[in-house]
Amino acid sequence: GDLTTNLRRCLNTFDLTMIGVGHMIGAGIYVTTGEVMRTLAGPSTIVSYMVSGLAALLSALCYAEFGSRYPKAGSAYTYAYVGCGEIWAFIIGWNIVLEHVLTAAAVGRTFGGYLDELLGFTVRRLTVEYARPWPWSSVDMPAATNYTSHEICVAGSNETSQERSLIAYYPDFIALFAIMTAAIFIGIGSRAAANFNSVFSTANVLVISCVVGYGITFADFGNWTNFFPCGVNGVLRGASKCFFAYVGFDGLATAGEEATNPTKQIPRATYYSMAIVTTCYALMAGTLSLMRPYNMLPDTAVYSRVFADLGAPHWVSTAIAIGAMLGILTSMIGSLFSLPRAVYAMADDGVIFGWWAKVNSWTKTPLNATISFTILAAIIAMSFELSALVDFLSIGTILAYTIVAAALIMLRYRPHPDQFNPAVMDQGGRIREGLPILSDLFRNVKPGFIILCTVIVMIVAFTGIGVLISTSYFTQPFGIVLTIFLVLLSIACVLFIDAHHQNSMDLDYKVFFVPYLPSLSLLVNILMMTQLTMMTWIRLFLWMGIGLAIYLIYGMSHSKEEVRWRDEQEKKAAKKLKHNDGTTCRVSDTSMTYTSSKKIKESRTIKNGHSKMDDKIQSNC
């Protein structure tokens with residue numbers, strides 16, 4: 001890929017690994033684990049983490065290949081741009097921005113809760129008493145916390161969750177202050193942010209190791225007697241919520257423009273960070289499920305309160321709270337690091353306002369985007385309830401990862417210039433010879449088109465399977481027949497894709513077992529999305545409606561692709577007029593010719609300016 005960038009390349013493999021670890025190990029491990037175990041999956045939360053971890057790993061493999069192909073900032077947005085086109089890229093980019101904003105807000109809110117608990121809830125009490133204006137004053141105060149024994153999935157269904165307000169009942173000024181402070185390190189530059197993140201990520205992993213080592217001494221395997229209290233649906237619902245804990249590995253891809261050797265470092269950092277995080281989650285979930293029965297877990301500060309209830313020394317609970325704050329802080333920095341870079345990539349392409357694409361001359365970071373979206377995340381963290389953000393966060397993220405997997409399949413089966421004769425296209429996307437019936441039937445089909453159609457059919461089949469499972473209709477007689485049909489159709493789609501030639505593009509890293517691994521990624525992601533609530537889907541559609549309105553009004557007319565296409569059309573028109581007239585154009589066409597020439601000159605000036613700026617940055621590095 002093109003390695004030219006306006007950003008400073010200064011991050012090594014360790015920095016990128018710690019960015020991934022810090023972004024993932026945060027609010028998820030300290031909040032999501034207890035919530036899922038208490039209300040959705042019980043001890044099978046361990047399996048839920050494995051399912052969501054598998055989905056994250058498969059997506060990470062796809063990300064690693066794309067990072068090798070296109071080492072530019074923007075994550076799934078950039079990947080969808082080159083694989084699926086501008087409109088799909090905007091949809092993904094819009095969801096990625098939402099992901100980072102909500103992640104920063106959610107972990108900021110959680111950080112405020114842990115710090116306030118260490119202070120004896122003094123900040124909360126004073127805020128409720130003296131600084132609770134509208135709209136917070138319109139929300140009813142919550143009842144006292146009660147975590148006595150309860151049952152979940154009674155009569156085969158999940159415990160009905162209590163309706164909660166979207167607005168919190170008090171403004172969290174600690175979260176506001178924490179996010180704004182973390183943004184200062186992000187704005188200073190990537191080197192300072194990476195150093196800050198690496199120190200706290202390492203400390204957090206050490207604290208987790210101590211928690212697991214001491215917590216296992218309280219293990220009671222009798223707590224695993226009812227390991228699957230909610231069955232398959234409980235595991236999948238838990239996985240869809242546990243996926244929040246893995247949000248962050250895509251932050252490695254957004255740092256592609258600041259890595260010293262992105263084609264090699266991003267795949268390695270992806271593997272390392274996923275291995276570290278998955279190990280930590282499995283150990284923490286297993287330890288908690290053995291320490292206390294799932295139906296007697298508290299709803300807040302799970303680990304510290306369980307240790308206290310089991311008679312552990314007070315310093316243990318304090319150390320856990322500090323470890324949670326370190327993890328949450330690193331996750332917050334990871335989100336705030338990736339957020340402005342995702343915005344920068346979209347603004348640089350012109351699909352959103354170009355003001356956010358400006359890079360500060362001193363810090364070499366997209367400072368305008370950092371300030372704007374940090375303020376947005378801080379306001380959300382101060383105002384909204386944490387529980388109202390997690391599901392909304394998960395669906396947009398999983399959707400982005402799903403499209404990345406689909407884009408990878410289509411790119412692998414797209415024709416590419418032959419490595420020995422660039423003037424000739426290779427066999428990418430063409431049916432293999434010697435296959436009965438298929439070779440003759442699809443020999444003259446446009447390469448890549450039939451792959452696109454097959455991927456769409458496969459996604460529809462996967463969605464049908466997910467709906468059947470989420471509604472439990474797959475246990476009915478007709479549901480069994482329909483499930484078998486959809487499974488066979490899905491297998492046929494994968495085998496049909498494999499019957500085509502892949503292109504010969506040479507990369508430093510490639511996903512193995514294509515199309516099987518990307519197809520498995522699609523299946524797991526779709527199964528998790530179908531487990532989310534209808535309200536979550538409605539919120540996603542509303543968010544996408546706002547984004548598409550922005551794209552239709554502004555992005556379509558200002559994107560680089562649209563500007564490039566208009567310039568080409570004007571050049572063709574000017575050349576045609578000049579050819580028809582012999583030497584000059586008619587007076588009525590002079591303005592158009594002048595405008596076209598002016599735009600061409602401005603375009604060359606901009607390109608030359610970028611080239612000079614790139615040379616200057618390279619010399620500084």
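Note that Cβ sites are derived from N, Cα and C of the backbone, with glycine treated the same way.
Lifted from TrEMBL, the feature list:
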- 509-559: domain 'Cationic amino acid transporter C-terminal' (DOMAIN)
- 601-621: region 'Disordered' (REGION)
- 46-64: transmembrane segment (TRANSMEM)
- 76-97: transmembrane segment (TRANSMEM)
- 167-188: transmembrane segment (TRANSMEM)
- 271-294: transmembrane segment (TRANSMEM)
- 314-337: transmembrane segment (TRANSMEM)
- 367-386: transmembrane segment (TRANSMEM)
- 392-411: transmembrane segment (TRANSMEM)
- 449-471: transmembrane segment (TRANSMEM)
- 477-497: transmembrane segment (TRANSMEM)
- 509-528: transmembrane segment (TRANSMEM)
- 534-554: transmembrane segment (TRANSMEM)
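For the transmembrane segment (367-386), the partner stretch with the most Cβ pairs below 8 Å, chosen from 76-97, 167-188, 271-294, is 167-188.
Between the transmembrane segment (392-411) and the stretches 46-64, 76-97, 477-497, the greatest number of Cβ pairs separated by less than 8 Å involves 76-97. Across the domain 'Cationic amino acid transporter C-terminal' (509-559), the model assigns an average pLDDT of 88. Here the transmembrane segment (46-64) does not touch the transmembrane segment (477-497). Their Cβ atoms form fewer than 3 pairs under 8 Å, with each pair 6 or more residues apart.
Beyond the ends of the transmembrane segment (477-497), by six or more residues, the same chain brings 409, 413, 438, 451, 454-455, 457-458, 461-462, 464-465, 468, 515-516, 519, 523 to within a C-beta distance below 8 angstroms of the stretch.
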